[in-house]
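Each remark here refers to the structure printed beneath this line.
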């Protein structure tokens with residue numbers, strides 16, 4: 001097994017995840033099987049209970065793991081499926097070490113950071129890498145070098161470097177070159193960051209430097225000299241128009257070749273699919289406008305996978321999707337604002353929790369339905385579409401979800417039966433992959449091209465089966481089901497009106513878009529042409 005370990009310095013949020021994903025993409029295009037592990041040095045067991053404002057979206061894996069959004073980038077770039085074990089947290093490590101101590105596994109020894117915690121970290125990394133069957137395992141250590149939280153993980157990989165043959169492990173350090181008022185890129189923060197890393201016993205083979213513009217030659221020379229790496233291994237990771245360009249940018253600088261040389265890997269395979277996909281992305285000539293009506297609109301990372309899935313649909317349909325975030329509560333406070341949605345070619349209601357903004361979202365759903373604007377509702381978005389339909393079409397006055405109104409006379413959305421009595425929040429929802437059978441001839445069957453699908457879920461509430469027949473008699477169709485669970489709702493005869501209880505965005509890939517998103521964008525493109533009289 002070959003390991004590539006990525007650390008970060010100067011500040012957090014530099015893009016270590018995109019760096020790892022891009023390196024992995026390029027190695028995959030050389031014919032290697034690649035996997036990735038994200039280490040998050042927080043005490044939370046997973047990301048499931050974190051606020052989107054604090055940590056961005058929670059990405060859901062096939063096995064139900066609720067993880068950091070970086071794993072979503074890994075899956076999209078590497079076109080792979082990971083598991084909850086690919087996300088290590090301090091909480092997971094300490095929980096296991098303490099459990100072993102309580103069982104007596106340490107045979108009366110004093111349990112310490114070294115060796116017990118570091119051994120657990122190394123063991124988990126190696127087990128995950130081995131189980132994946134990969135040739136190369138990329139590891140991102142979250143946070144910044146110098147953070148007290150990441151010390152045990154840095155010590156663990158230092159020990160791995162000592163235990164593994166030198167040709168089996170490579171270290172990459174991501175830093176930042178800031179520009180002064182004269183436009184000169186300053187290298188001192190990078191120098192100090194590498195110095196701090198070396199004080200921990202780690203020396204990077206490669207330094208990836210984030211910057212606004214391409215790294216100046218003088219800056220590259222300074223970093224190479226003072227950080228003691230060859231100049232060709234100082235890589236410019238300057239801002240790109242789109243993150244999907246990053247693999248191509250670092251490939252042009254020879255990083256893949258240099259890593260393969262260090263790891264003693266050889267390959268004559270050249271897969272140009274990624275380059276072709278990026279070329280298609282840039283060759284789009286038409287633009288359509290999408291409104292995402294939500295409650296976490298101030299932080300785009302809250303809806304990262306949705307934005308990426310929309311982009312994938314745009315690439316496949318040959319158009320650029322201009323996305324605007326609309327705060328649902330603004331529609332509630334000023335109902336006249338709803339008329340502004342007429343300018344959009346599509347409306348999307350994402351998932352979420354809690355009652356804040358739900359009435360505003362339903363106003364947007366009603367507007368989309370009545371004006372026949374292509375619509376996609378995801379998870380809570382589908383549930384709200386069902387409530388809106390029940391209220392305004394089926395005339396069930398007061399219809400609601402028991403999440404928002406336990407005394408609703410028409411609880412068309414209700415708690416999953418198995419959720420009754422569940423007290424803990426973390427890891428207790430209906431999570432991960434579940435199948436659905438699609439109705440033949442439905443919109444769902446048409447866009448998926450099959451009657452059997454598997455998609456990822458994250459919810460506690462569902463369409464109440466007691467109301468299904470009554471609602472369907474008014475024209476809505478529940479075209480995807482898991483036994484007696486409603487997975488998809490659609491309204492035939494519309495340009496595109498589709499809701500999914502699952503989260504299709506988590507399985508969307510560049511070059512292989514999620515069918516609901518592809519269907520939405522296709523309908524938007526067609527609608528735009530109709531509006532322009534083409």
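From the backbone N, Cα and C atoms, a Cβ is placed for every residue, glycine too.
Fair warning: this is a prediction, and the values are worked out from it, not measured in the lab.
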Identity of the L-glutamine-site residue among 24, 352, 354, 432 (reference: 53, 380, 381, 382, 383, 403, 460, source: Swiss-Prot) = 352
Request  = From 63, 68, 70, 79, grab the residue that Swiss-Prot records in the same ATP site as 13, 14, 15, 16, 17, 18.
outcome  = 70
Message = Return only the integer: C-alpha distance in Å from residue 189 (UTP binding site) to residue 18 (ATP binding site).
response = 21
Query = DSSP on residue 16 (ATP binding site), three-state: which is it?
reply = helix
Binding-site residues: 188, 222 - member with fewest neighbouring CB atoms within 10 Å = 188
Request  = Count the Cβ atoms, other than its own, that fall within 10 Å of the Cβ of residue 187 (UTP binding site), considering every protein chain shown.
outcome  = 26
Request  = Determine the C-alpha span of the L-glutamine site listed in the record, that is the greatest distance between any two of 53, 352, 380, 381, 382, 383, 403, 460, in Å to the nearest whole number.
outcome  = 23
Task = Find the shortest Cα-Cα separation between residue 190 (UTP binding site) and the recorded positions 16, 148, 381, 503, and name the residue that gives it.
result = 16
